[in-house]
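A short worksheet on the structure shown next.
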Amino acid sequence: MPLSTSLLGKKSTYKDSYDATLLFKIPRINNRNELGINSNNLPFYGVDIWNTYELSCLNKNGKPWVGVGTFYIPTDSENIVESKSFKLYLNSFNNFVVESVEELERIILQDLSNVTHAKVTGRIFPINTKIEFSIPSGKNIDDLDIVCNNYGPPDNSLIEYEDVLVEEEINSNLLKSNCLVTGQPDWGTIVIKYKGKKLKHDSFLKYLISFRNCNEFAEQCAERIFTDIKNAINPDFLSIYIVYTRRGGIDICPYRFTNKSYTLPSDKRFIRQ
């Protein structure tokens, strides 16, 4: 179905009962074709990590239960889920009776797997679960004294490098883009690890800032950044992790990396989550 038929950016009615048909799928291939990414031979591995903070249902006695969930959609899935449809879907559980949290988890994982055409994994936690905050790892480049005048579209010609090999990790809290459909701002913290020719931090920060008025989904922004870095310096290793702030009770954190055996980020969150 075309994106114009989704509920994103439209007035919506919340369902009183569980409804898996609320989930709206978006084929990944559309945005990947624009970036020159071969969906049959992806240049990366990874997941989209969805954290949900507004999750509730009824227990067998009719008493409400609330919790939070984390779901992992693999990058080789055929589809992603449109975020507002996921919000409406989760809220359809508000008056739905489940026998256990495990049953709720099973239903959600199965529905997400069905709509994405991939094996989605995840966990649901009680609301009193202790979650620690952390700061992004690596060197922060936000305090560099630069002059900016490009806020979109993203300009990969701004990526410059030195002809010296390094292995480093850098981060920035200045990434911002806008929702492709609604234009609402998406604020993100990005952590980049790579081994290869050294990125010039000042020019790379300008590149990140050039996303400021860009209208793209979070997943496409991550894959654009990954592709632009890969094309610029052809690193031996590269990982991109973007932690977006929540909108509508959901945050999306795309993670892309070149090494299949690379581990997922910790469960710790950054302060803006």
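Positions of Cβ are set from backbone N, Cα and C atoms, glycine also.
Taken straight from Swiss-Prot:
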ACT_SITE  Cys179  active site, thioimide intermediate
ACT_SITE  Asp186  active site, proton donor
BINDING   Val81, Glu82, Ser83, Ala218, Glu219  substrate binding site
BINDING   Ser83, Lys84, Arg247, Gly248  NADPH binding site
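Positions of the features from Swiss-Prot, shown on the structure.
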residue: Val81; record: substrate binding site; CB count, 10 Å: 24
residue: Glu82; record: substrate binding site; CB count, 10 Å: 23
residue: Ser83; record: substrate binding site; CB count, 10 Å: 25
residue: Lys84; record: NADPH binding site; CB count, 10 Å: 22
residue: Cys179; record: active site, thioimide intermediate; CB count, 10 Å: 18
residue: Asp186; record: active site, proton donor; CB count, 10 Å: 24
residue: Ala218; record: substrate binding site; CB count, 10 Å: 22
residue: Glu219; record: substrate binding site; CB count, 10 Å: 21
residue: Arg247; record: NADPH binding site; CB count, 10 Å: 18
residue: Gly248; record: NADPH binding site; CB count, 10 Å: 16
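Rounded to the nearest whole angstrom, the C-alpha distance between Ala218 (substrate binding site) and Lys84 (NADPH binding site) is 13. Recorded residues Ser83 (substrate binding site) and Arg247 (NADPH binding site) have their alpha carbons 9 Å apart, per Cα-Cα distance. Here NADPH is bound by Ser83, Lys84, Arg247, Gly248 per the record. The longest Cα to Cα distance in that group is 9 Å. According to DSSP, Arg247 (NADPH binding site) sits within a strand segment. Relative to the residue listed as 'active site, proton donor', the recorded positions with Cα atoms inside 10 Å are Cys179, Arg247, the candidates having been Lys84, Cys179, Arg247.
Across the structure, Val81 (substrate binding site) and Cys179 (active site, thioimide intermediate) are spaced 14 Å apart at their Cα atoms.
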